[in-house]
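Under the heading Cu cation binding site, Swiss-Prot lists His194, His196, His212, His280. Per Swiss-Prot, compositional bias 'Low complexity' is recorded for 331-340. Here Swiss-Prot flags Asn75, Asn141, Asn254, Asn274, Asn283, Asn291 as N-linked glycosylation site, drawing on sequence analysis. Annotation source Swiss-Prot lists GPI-anchor amidated glycine at Gly352. Per Swiss-Prot, the feature region 'Disordered' maps to 329-348. Marked as signal peptide by Swiss-Prot on the basis of sequence analysis: 1-55.
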Amino acid sequence: MIWKQPPRRMGEMGGSLSRRFGNAAASWAVWRVSRSCFSLLFFFYFFLFFSSSSLLPTTNNYQHLQLHSLIPTLNTTAHLPHQQASSASMKASLFLACSALGLALATPTQDAPETVNNPLGIVYQAKLPETSRTGIRGTINATAHSSGRGVVFNLDLWGFDNTEGPFRKLHTCFDQTNKQTNKIVKLTTTTAYHIHVDPVPTDGSCGPTKDHLDPFGRGQTPPCDDSLPQTCEPGDLSGKFGRLTTSSMEEHFNQTFHDLYTSTRPGLGTFFGNRSIVIHHRNSTRLTCANFTLVEQPGTSTTYVPRPTGTGIISSIFPTGTGAISTSGHAPTISATYTPTPTPSPPAQNNGAGRLVGFSLGAIMAALVPLAL
């Protein structure tokens, strides 16, 4: 007797096999597409790394740092075994979509240009006020370098040996007779200070000063690399020249430095004459702050400086040469020799093409996500 399978059961078995082989084929196809997209995006990033600045004017050191962190991830996940094709394809598509959209939506940034033609003889000063929040007092003076290239800052701060605060701590001790004594212990810590965007209001609160002076959209992460100061926020002075450190503090803390990326010329985004400086606690809260005011101007009386406008991009003559800064006393003595050399204007910082490519990649990669699910 020949056994015959009912047509209904045969249909179910055929459908099951069809679904099994169909899903396997679909997984294989999605895996191949995802791997191809990995390769495409890898070569796109490779092109960003090695293209000349004339082709990609917005590809600067800061963007290279961000893109470089993505390459190891791409290289590792692009060679998964075939057995993991289904889950890998989904993760790959999601990662590619997010990374491409993140690249597209990122705020356009550029390295800060050196400031030139800063007016000579003008001095801006920020004087830290008397406040119950901290005993830190002092002044920060700023004037253009004698070459007109950048700004020389001179810090004279004191009050770090107050009873309580970020640099000292009050310890209660007991001697052999059980007599209580108080001892001030010096803490090993560092404190940041920055130029902030807005001035301090009349009530003296440091909160409304907003964020650091950052006209080029760099942001606070990753942290400033002092070996590449042009990639830092122009207002991040402690990031570029070092924090206030207790190990070097006695009665006064004095420091003089030449910053090439801030300006005393009104109208530029890097102008700080109507902004503020903020000193932070070691836990990043704002300890004290003060406004910069014009205290010296050659040949004229002190006048109000209007709020700056513009992008801070400089197109002018860039002097070359060396300068020497002396830190004797509270007023810096600066000498410099330089020869102005005309150079071409920097290229226009237009990120439209890069953002268009990013959005296109993001759309393509996002379309792969439903295939992987």
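From the backbone N, Cα and C atoms, a Cβ is placed for every residue, glycine too.
Counting every protein chain shown, the Cβ of His194 (Cu cation binding site) has 25 other Cβ atoms within 10 Å.
It is Asn283, among the glycosylation sites Asn274, Asn283, Asn291, whose Cβ has the fewest other Cβ atoms within 10 Å in the structure shown.
Across the structure, Asn254 (N-linked glycosylation site) and His212 (Cu cation binding site) are spaced 22 Å apart at their Cα atoms. The record gives His194, His196, His212, His280 for Cu cation. Within 8 Å of the mean position of their Cβ atoms, the other Cβ atoms in that chain belong to Ala192, Tyr193, Ile195, Thr209, Asp211, Leu213, Gly235, Asp236, Ile277, Val278. In space, Asn291 is the closest of the glycosylation sites Asn141, Asn274, Asn291 to His280 (Cu cation binding site), judged by Cα positions. A distance of 14 Å separates the Cα atom of Asn141 (N-linked glycosylation site) from that of His194 (Cu cation binding site). Cβ neighbour count for His212 (Cu cation binding site): 22 (other Cβ atoms within 10 Å of its Cβ, all protein chains included).
Taking the C-alpha atom of Asn274 (N-linked glycosylation site) as reference, the shortest distance to any of the binding-site residues His194, His196, His212 belongs to His196.
The distance from the Cα of Asn291 (N-linked glycosylation site) to the Cα of His196 (Cu cation binding site) comes to 10 Å.
Take the glycosylation sites Asn141, Asn254: by the count of other Cβ atoms within 10 Å of each Cβ, the lowest one is Asn254. Candidate binding-site residues: His196, His280. Fewest other C-beta atoms within 10 angstroms, His280. You'll find the Cα of His194 (Cu cation binding site) roughly 15 Å from the Cα of Asn283 (N-linked glycosylation site). For the pair Asn283 (N-linked glycosylation site) and His196 (Cu cation binding site), the C-alpha distance works out to 18 angstrom.
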